[in-house]
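Presented below is the structure to which this report refers.
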């Protein structure tokens, strides 16, 4: 078995056969400020709406976002929602959709009305028929799955109890997969775990697990004991119980239970977090990870998913940044180009309660004075962002002969330092716009300045932050080094 970083290169070579209930997720965002005069009901002033591939389709999207290939088998109706889903899946380069159309039922569609300000779900409207698929449609699904099975490295059944995963279909797929020595992961909905007998791994949430095992599932000891009984019933290798803010517990048939606490994040939306967990587990196990590595990766994936709005997918880069400590990331992963997206980093760090620090400069030729400022800056915060003047900006500030090194080279040198968590290139002459975007808790500046002279001090102070001044080291400056080099005295 392989550790997390060793698994990553193999992910792109894996194919996951995902089968389950496909649905169209729509999120309508707005604000409620009044009650309808027609009835005692809130009126939502709609600001925007989003449409996403949901249910088992979101599992497929997560698999593809992680870089693996996904063959997806699902069911749609002969309607606009079905056509929207079919087109959306077909547009994903790593997803091969194999969709069966059932004209007798609508495509499952869920519309959620959400407070744009508080990210609170106010109402959900569903269009669905949850009855099992007809015998004819069931056979079409089974035939499609068995035809695709040889091409898969692992099978994932995503059960939302909307009619795709009938008892017969589950049985035929698991039996066929076992004959081909392919592992099967099941995200179950039925409380009868015997239905999934022979699967490799079941991934119920705590509510589903408690219902299936008729236990309270309110302690790790009880979860472990009940899981071992359930493993015998389901004849599976392991059961993973997800527990929202309390983390996850994996109970293998052989060996001790493993519990990992949830990452401390600001929860924006829990929709689809279970999909991410199932997808990460499938991809990691297919790529050669052991239970422990797959569990910790899935836990990290869930943390990223719930920090996003709507039905979210998680990329391999996001997963890697969550699993690995910042200091271990490659330099190029710590660089944001001018105008690039800072939000994922800021959201993640703030959700974890981390103090974000900021300093800036040209950093043309790194010298001990720079190192002193960067070290002091990192010591004053939990995560340090360095604003780096672009080549055009340096030229305007320092003259036509500068910079000596281009912005990419300067950024890579800074990003290689353990003290630096993120390098952000900016085009302006001052970092004011960047500071306005970041609103750091700590603003650090080296040199002979007063607090009032530091660009952006008022923005930081207004949010209760602090400005830290660091004395410069005498005799160290890039301008002096460049002049000495030009005069042959370097």
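Cβ coordinates come from backbone N, Cα and C, glycine included.
What Swiss-Prot lists as active site is 275. Sequence annotations record features per position, and here Swiss-Prot assigns ATP binding site to 205, 206, 207, 208. Per Swiss-Prot, the feature region 'Ribokinase' maps to 1-330. Per Swiss-Prot, the feature region 'Cytidylyltransferase' maps to 358-490.
Structure with Swiss-Prot features highlighted.
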{"residue": "205", "record": "ATP binding site", "contacts (Cβ under 8 Å, 6+ apart)": "241, 242, 243, 244, 274"}
{"residue": "206", "record": "ATP binding site", "contacts (Cβ under 8 Å, 6+ apart)": "217, 223, 241, 242, 243, 244"}
{"residue": "207", "record": "ATP binding site", "contacts (Cβ under 8 Å, 6+ apart)": "none"}
{"residue": "208", "record": "ATP binding site", "contacts (Cβ under 8 Å, 6+ apart)": "188, 189, 191"}
{"residue": "275", "record": "active site", "contacts (Cβ under 8 Å, 6+ apart)": "55, 56, 58, 59, 62, 158, 187, 305, 311"}
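Neighbouring residues of the recorded ATP site, listed in sequence order and excluding 205, 206, 207, 208, comprise 204, 209, 210, 211, 217, 241, 242, 243 (Cβ within 8 Å of the Cβ centroid). The average pLDDT computed over the region 'Cytidylyltransferase' (358-490) stands at 87. Secondary structure from DSSP puts residue 205 (ATP binding site) in a beta strand. Annotation note: the residue listed as 'active site' sits in a helical segment as assigned by DSSP.
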